[in-house]
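Asker: Handing you a structure now.
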């Protein structure tokens, strides 16, 4: 066995030595041949050495050839050779790969490393393949005119060289790492020749695809056709007749969009060794032009030995021009086909390569008109990348009229083009600048987006469309446009299917749960925005078939799955809150349910007895008999209207059954925006002098909702405290609710008044609107209720109110606090206790001398006269010496809490349709959709109507609709 191994090793060693000897002989033969060819070229150039012997970089021609190095690589790999200038005797280089059938097969291979050690590896080798590189020198026949004949051999620069990686010399142009696969000549130099073949054009080609179509004429091939012409022969061709490839630039690389929400950043798929793409709008195929700062050739490129204006262009193995396939638009340009499988650095990172420059914005926009579909798609994707978080680029795109081009591409027959164009529009529609939104509207962007949503079945396209509409819906003039063109489509294509609601449910099947998809989130956010536009917008949404039903079903599904903190739930609750606004005035047939006075029948019993009877609402011990308890469970004398069929559509908005849904959200959700919207919905439904508001107030008490609301007064979120305080004020119009709230909520209300002066911690500080809302709730509770006034004294509310009047720099806060103090002093039964505590009449008769919000005198037109005091006795009789301050002095109607003039001072509109258009103030969450999208974004400033939830406006009695502010960028990821 050992002898066999020794014999095998010896035979292998002998074979290796034999191969080394062959390569050595081959090397010597090639070197000898190289010298022979160099001498021939030197003799051929001697006649013109005196005038044109200096070429390329200034070196003599013989020296240039002496510097040529033949790089031989290992067997099986390519050989890197350089072409030679054309001489009267044209040379051709070839490489042949052949198999040696005489080489014995072996099952053992030995690899010798550089340090001389030998490693033995057992393999199964059937035959040995070797590569023989040869150089052939042959004469090219010349015609009568002295020009080479076409049939004499392939011209220099043709692609008969097989797999060689060569450098070819071109006339004009620049360092073309990307060459056009085919171009058509203008025909200036060969007017008498036949028309060139019609070669298909391509939007962008890979660097190595260097096939040039042979262009022949009566005079043979012209310069620049892949054949090199000697300097001495160039006079045969007029300089003005030379034709070359278009002096353009390569087309953009293939950019793959990446969703970041409602504004995305798309990164390029460029080659690792290439710079950013240069774009030329006029050509479907073009070479990359030489940068102004130099040619920037590769290190292994040789100096041009023929002409100073020539360029060395690296080529890859060719494909036959006649059989090259057409570019596939869906796969992007051919220039990216060899790179789509791997991600490469972004466009910004390619700037390190000094040879190429990034495309200019006008060039990118011009490519949107390109006849090749992949070019359009790539240009739109690159434009989306440029616009990401760049307001300047967005503004320039509008100024250069790029938005109509993108909108037109939304109806393009190619899905990829539509998708990329919509992605660019999503980023362009996000941001503080509303001019882009207006420009998209002016060029028909909203109808085009709606058409695309109806036709698209690809989920990514639907996300892009709905995200763009979400961004556009933050612009006030666009809200009704979206409703007119897209309400039905958004409802029936997205809201209803994704909510799980079925118009005709199958009794045997289980109800479907809602699907919290990105499309549903974007669509609900868009409807959340448009629902705040005004009375007409609310009417259209209420009457949209299936919308209210689907939203309520989605919320019930969220409560059932205890998934109440996501953005989709927040959007749905905000829509319900907005649609509940002024529901007692705007729904059809509301006049039939109006009441003369608020309150429920049978509430004339004494307040003290009602407080004891209903103490169990807050967990206390009941102090009433079984008969009274049964009467309470039956809503006392409440008589709910009888129905012959189930409520549907907008009727579901004000049914008592929705109270349980809102209370569940208030109990389970930890999303402050959802809490605020749910409390605002109860606030809206409990307002107004109509029968359904009476039922809602009683239902909140029956469903044990008062303790839930009182607990939320401890929230550290200002807007939640404000919404809950106003909801409690509207609920206190029910006398039973007033007694319960006065007994169990007064402590929390007073604590919030103290936080307005000296907050326990920074997050507990309340805004002016919230403080005024709390004070007006206290005023409503203590009015006509001696027991509640006593509760205020026991909670030490008087010192807090007096201090607020004396120290507050807000005239609204001081005035609201003065109203409460005067109401307390009006009860004669309490004056003795107040005087014993050191309070005098002067403390309850304060002048409104407070400063404005920042310490400046208030300019709202208020007088500084002392408010009159109102005396009340236990029976609620009015004093004959003083007039009662009517509720009208506190606001525009019986449910308002702030003077209408004061709201105008703060820049707010009066309650009603005009006030609903007030944009939300204050910081919003950090998302985008203009959150989904610059994903969906930054928090809004006071005047930025960007998307996303934000601080709601101050609500006067009735909850105002939420204007959808900017979406936070945290949701993009």
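Cβ atoms here come from the backbone N, Cα and C positions, even for glycine.
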Asker: Can you dig out which of the ranges 95-123, 124-152, 153-181 Swiss-Prot describes as region 'Disordered'?
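Answerer: Residues 95-123 are the ones Swiss-Prot records as region 'Disordered'.
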Asker: Please find, within the list 233-254, 343-364, 365-386, the residue stretch that Swiss-Prot describes as region 'Disordered'.
Answerer: 233-254
Asker: For the record in Swiss-Prot, which of the ranges 593-623, 624-654, 655-685, 686-716 is the region 'Disordered' one?
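Answerer: In Swiss-Prot, residues 593-623 carry the label region 'Disordered'.
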Asker: Can you give me the average pLDDT across the repeat 'ARM 1' (349-388), rounded to a whole number?
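Answerer: 86, rounded to a whole number.
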Asker: Using DSSP, how many residues in the repeat 'ARM 8' (694-733) fall into helix, strand and coil?
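Answerer: Per DSSP, the residues of the repeat 'ARM 8' (694-733) fall into 31 helix, 0 strand, 9 coil.
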